[in-house]
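Engineer: Could you have a look at this structure, given as structure tokens, before my questions?
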Amino acid sequence: MPLIATNGLTALVLVTILSKSHADRNVYPSAGVLFVHVLEREYFKGEFPPYPKAGDSSNDPITFNTNLKGYPDRPGWLRYIQRTPHSDGVLYGSPTAEHVGKPTIIEITAYNKRTFETARHNLVINIMSTEEFPLPYQAEFFIKNMNVEEMLASEVLGDFLGAVKNVWQPERLNAINITSALDRGGRVPLPINDLKEGVYVMVGADVQFSSCLREVETPQNQLRCSQEMEPVISCDKKFRAQFHIDWCKISLVDITKVVAVHSNRPDPGTGVLPDIGEYNPPSESLKSRDYFTDFLITLAVPSAVALVLFIILAYSMCCRREGVEKRNMQTPDIQLVHHSSIQKSTKELRSMSKNREIAWPLSTLPVFHPVSGEVVPPLHPDNYETTSMPLMQTQT
């Protein structure tokens, strides 16, 4: 359903193009004006076989795939949305002046997920130019309590434009573009309290912005916005009944004062290299080169430095050792005698501990075999260390 604007104080005229034939469907949107086209599931149901039971055909899950003919995706200015397979799809966008006079053929493929069949139709978009657009004064509103598919409905969009017209009082007012907050980097809302994604709606008019729209630019409201507080807008009550507008995100643009920025791009040329004559390869006889200097710098010098460091380290470790005799000569006699007496006492205690006699533990005495009942000899000979033997559970 394309939106067509008219002059004067008349409202928007919504024209619905429906065709049951298999021929291409032609629409004629204007450059700089919001274009909305609904892909109705009822229109494509005739292409699929009916349900065995009467009255169940409305439950067919149908999805749509849209692309520019001959290409895998749609044009950059055209978007598509369909929430569920049981809802209609919507093509929407705002064509620009550079697309005027170039018919855009969109291939629409409907997929029936019950029968796994497809139906294909072409939508021919003929973008028309107009002298009235673009309108010089453009305002973009952020509506927090709407999703993009809800805002694209003709009744809801008409109510919003009517509220804006009541505040702005222009002679001509048109919806220029609608963008989901998710396309601007917004987050997906939590599925609680019926939260919405939010939608940006840009409208254009032919008169200066009203004083109500300018109220958001006052220092008091700018301060409140910086503190994440709601600004005080006198005309907010005219929207509040149906639309919750975030006035801190409103954007007012006067395109007559916008300075166009033109980037100087280099000439890409034809892509053919200039003719510079025949290729002249280098001569086969190469000039000899002496690599002795490179050898010295690369290998000889680092090796010599490493050898010197090795010699210094070897001299420090091997040739500078004091030895035991020099150590004893520099040690006081009383300290040597004290050390010697401690060493002798340690050796004497170790020798005495080896010669002492201890009784064998009970675990080493003869025991009875648990099966035959015969007497079993000790588990180890006399020269074994008894402290490492395990204790027996059955003892005499």
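Quick reminder: no glycine exception, Cβ is built from N, Cα and C everywhere.
As listed in TrEMBL for this protein:
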- 26-134: domain 'Dystroglycan-type cadherin-like' (DOMAIN)
- 1-23: signal peptide (SIGNAL)
- 295-318: transmembrane segment (TRANSMEM)
Engineer: Counting by DSSP, what is the helix, strand and coil composition of the domain 'Dystroglycan-type cadherin-like' (26-134)?
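Structural biologist: Output for the domain 'Dystroglycan-type cadherin-like' (26-134) reads 11 helix, 43 strand, 55 coil.
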Engineer: Please work out the mean pLDDT for the residues of the domain 'Dystroglycan-type cadherin-like' (26-134).
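Structural biologist: PLDDT averaged over the stretch: 86.
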